[in-house]
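Q: Once you've had a glance at the structure underneath, I'll fire off some questions.
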């Protein structure tokens, strides 16, 4: 029994009420004074009810919050007790990475130059033992001090996600940010250089990327578990690499520099106290940070010019590249920043594993830019030798690399430093979102130092000038970065190179996996990093330079071969992130190929931009640049294939042909080729139309097969239409089912409301009963008092009253119980009915789905049959073509023998033609004679009829006169009075008789003219039937074209609507600020997006997409747009051809209209004349009526005449009106068809434009979905669910757009049907127009008419042939577009599958997190 069921609760409440009422009655009957026990029972009852209600509410809340708790819930490991909470410092960034670290704080000065927009940064509570770092000026004072820190507990931050996988870097200028640095617990005093330095953080555990080796990208490192940042849930992440052990860049930043790196663990700078820490890198011997203090140490790289280490120290070194937004080290913090590049595997910062990674490449997440911020970054790479930053000291060090462009950190200041490399779009580390961080940037593809070495790899960075390996040779050169213990190449000391960073994700280091990681970058060439290669890009000596990384184009080493310094890397580009902005940006840094070297995959490597090292800043590096270009040339593709066509000059060809010997077949073939080239077409080949011509037989067979194919295609179309109808029915039934479900739900809600109302009533009645019980208790008390004081009579009376009240109570309770039971029974019955209806509807829906699947299977079978038929048709065509070739060869052989026969045949044909013309003339003359004889016989008959009518009229007039005389006799008395009037009437009658006779003659003439016109019309109709048939064929061709255009329009509109919806939803999901604009039209919305795009990209919200990815996608979209534009041009040319044909047709129609307008005008003039005469006759008849009112007989006679005249005139006027109406209708139809054609053309152009947009948006959607699949997985924190809901939203949007497209398809089918009906009516009207042409007076000879008709027929045949060709072209284009649409549908299906996989992954994550 379910306690929370409403029915059971109601029963429980009711039962409780009954129990309470029974107790009350019992108390009343026994007159007990146990009021307190009764009240306690009521209180207990209420408490129980409150508990059950509270439990129900709590359970609902728990069910709602389970998912959230499952995502946010994390187990805290607190071996040393809880850490006291402190207010976090405002500028402290947190990088959750390594297990069990105690936090120590090192704060760097934060001079801010330009305004900065910082993404929200999670803060870490500071420990009580933490000490603030001193300024860089105090370095000398605190050089060798070692701060001891008590061990702290791992759970510094339980479930803070420092940066989501899509965190945006929103800096407009670089800025230094104080970092929270945590030394490792129990770190020893002097960690040997080759020992387990902090860089080795998980040396044997395989670098951070391997950290979840099969769980590919580092960001997903423990996919279902808190990301690497949370690397053991709240144990300061390795990114905190000893939570803010100031990165190597800060290496001796204040004092808790890298030396302080593990404050109690002897700073990494002191990393073997005897071996001056890399941070201090032989502090007195100028530390690598100060790498040649007097020589402008690399850190100071031109001290006032912002050394590369400080890379615009106030402007935030490259390390801080994405300052609050998590520097390049944090490059893709979810993807695990470049600093963590192989965090446990010895990050590139640990590049000198014992010697402290190169700046711990983003030690506190300080990116490669900070690569050795105090140590000074890789740019300082040849410090005393004028480090690469100083690459020509006066030429502005690499930090200044483009002085106005501010150091590498500022790589293109406005473009946001390399950290910002993809401006809000995931710093360089995220560059290929955890799939290739900048460390991997081109792991062997020339580390950042080399990034535009100028053409000299970082190892040789100042080749003769102490390469980075020799960086400060006595001071443990950074090249020896692992003092010989692990060269930067071994960056992940054998613990899977940085390249293996996300082993399953193919890290950039593995880019040339067999080419051994960047460290091994030429393993033995430790100092010279690729001494033999010579560029570090040649990463795996035997493997083509990483820049070529399989690109065979050019390695990143030559990244800007002649644009030496990294700052200038793409000086006009600008930022390295934008490294070749026109080409896929470094963020995508080998988007498809994964290597940074492929940075400009389709646009060849940026390094190739100038094959010669032209930079004035690195004159010493020209020779190695040439070597690199040489190595590049080796990998370049060879000469074109030998299979291509060979082009010879004319003279050599003539000489070779003259010297050769041919057989007959070869000579014939040469003749054919030459004749085709010269445009010689031998008409005689095509005149072999005798009965036994095999070509004609084959053509007939081909036509028959084509007819069979057409019938089968029609059957397939019928099956498809049936399928569409069934799909429509399915949609309707689904809508009905949904409506039914909604109704049932509404009913259920109403029932629940009724149940709650019943419960409320029960509670109210319960309260009333309680009140009554209380009243009764009061009465009982009074009665008891009276009993104590009063007599026995009162007691008896009171007992009677008590019994009466008890009976009333029992009755009331029984009535209430019966009512409630009845209501509950009704509600249960209704619920059972509703559930049955739901089950029936669900079964019906399942049956419909089964039917639909069966029909789809049938449709697939039909399509297979059609494909088979098409294949057989192609085979037959090939066989026919072979046969035709054979026949043509035979004709060529027999051509010479038939030369004489041709002349005779031509003469005979001319004679036959002359005979045929004479014969046709004879026939036409005979037909004319016959027609004239018929006309004469008709005229004779008409004359006889006219004479008979005349005699009848005379007899009638005589009878009228006799009647008049009789009337005069009767009115003999009135003769005297009316004699004068009778004389007048007689005179008038005579006049009328004469007029009537004249009218009769005119009527006879009109009848003759009408009959003549009818005869002529019949003749002309017969003649024009043939012309109309030709016009009909032309119209059918036009119809087919229009149908094909409408179909293409429908398909393109479907795609357009679908992709508009998808792109709008995707862009709205990515840029929620555009949600207000989404209500506009799509074109207006795109314009607004273009206008607001730059501002949104400059100032995007925290979870914005990577601008580098978007830029690369835009470039790809531009390329696809260019290809689609070419297709659009083809479509336009074809449409132009069809327009020309339609204009020719229109001109011919207009000419015919003008001819018939003239004829109709003449007919109208005749009609007007006849109308004038009719009006005149009507006037006369009216006069006659007025005069003959006295005599009824005269009236009858005149009315009869009027009726006959009216009949004749009405017939004539009706015919003229019909002709006029038909002509007007034809004009309207022609105008409508023309407007429809223009609309179809405009729509086709729109569709071609919209197809380009659609494909562009599809590519963007694909990339967005792929990025969402890669980057959305690690977001297991509370911020992750919105990212995981995007795929579900996209899926629902796809289904919604598909339903809309089906509706639009049905509407278009209706429109096409209406259009066909309109075309059939136009055909009919044109036929009537032809009849009208015949109606006019054609007095010219019939031979001239026949010649005109022949000319028109020939023109129409030409037009139909041209239209047929255009139709075939359009059909081919339609096929190509259909194939493209099918491909795009496949891509949409793939996207849906990916979305489903992403949903499955998110559900599995929720399960594991719970």
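Glycine is treated like the rest: Cβ placed from N, Cα and C.
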Q: Which residue does Swiss-Prot record as phosphoserine, given the choices 655, 659, 959?
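A: Among 655, 659, 959, the residue Swiss-Prot annotates as phosphoserine is 959.
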Q: Quick check on the annotations: Swiss-Prot lists region 'Disordered' for one of 1063-1092, 1093-1122, 1123-1152. Which range is it?
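A: Of the candidate stretches, Swiss-Prot labels 1093-1122 as region 'Disordered'.
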Q: For the candidates 245, 275, I need the one that Swiss-Prot annotates as phosphothreonine.
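A: Looking at Swiss-Prot, the phosphothreonine feature maps to 245.
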Q: According to Swiss-Prot, SUMO1 cross-link sits on which of 144, 350, 480, 620?
A: 620
Q: May I have the DSSP-based helix, strand and coil counts for the residues of the compositional bias 'Basic residues' (52-63)?
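A: Here the numbers are 12 helix, 0 strand, 0 coil.
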